């Protein structure tokens, strides 16, 4: 059993482990090429980059994909490698940061992005009274939902090398009267204790697939199923809407999958 924090660079070790796995190596190589600017062209192909990244996180076992994305770090060299996992210059950054609510609207226009953002809002919902700080008490579902956003217009990444705070490439400037709504949306990424705990648990070697809470939160909301919660709120929202006027982002008609391989309809719409 390896120590919780090894003396080496865990993210570098994860990259080496990926190269030793045929599936991980193949799909990683497949996204590095379109996500990297060539010497003759300083601009990468973001559309192809995103598509290749989606395939990487859809096809590669979490042991390897998560290992690179959620590795634990103690120094800047490690955290910078972790931040560079998705080749942020191409997949994440842009010349200007859009307003987060405008970015959300762009996401909602696409079936896959809308669906995966809804998964993230549901499965990474914080709850201060729970043991895990997650309403659903399930780190694996939260990490799956987070990684599902990578390769969409809502692609998140670590915002610096000093913390586990993440965010999509957007800010809340020029929000006008919607500033509170915008900040609520952005803070769901940046200050999400459920997501941070899930990332830290994986990096520290906790088996997120068999997470068992000691004392599940005893609230009406927590004990209802996702389906019943969505059924109760369905009359208040339009189909596939992602309202942000509630205390926390939520979504009706949630599209939850065990596998994220694109269906024929999804390929036409997004893939």
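These residue numbers are counts, starting from 1, taken along the chain as shown.
Heads up, the Cβ atoms here are built off N, Cα and C, so glycines get one too.
Per TrEMBL, these features apply:
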- 11-90: domain 'GDNF/GAS1' (DOMAIN)
- 100-194: domain 'GDNF/GAS1' (DOMAIN)
- 222-250: region 'Disordered' (REGION)
- 228-247: compositional bias 'Polar residues' (COMPBIAS)
Work out, from DSSP, the number of helix, strand and coil residues along the domain 'GDNF/GAS1' (11-90).
56 helix, 0 strand, 24 coil
DSSP helix/strand/coil residue counts for the domain 'GDNF/GAS1' (100-194)
49 helix, 11 strand, 35 coil
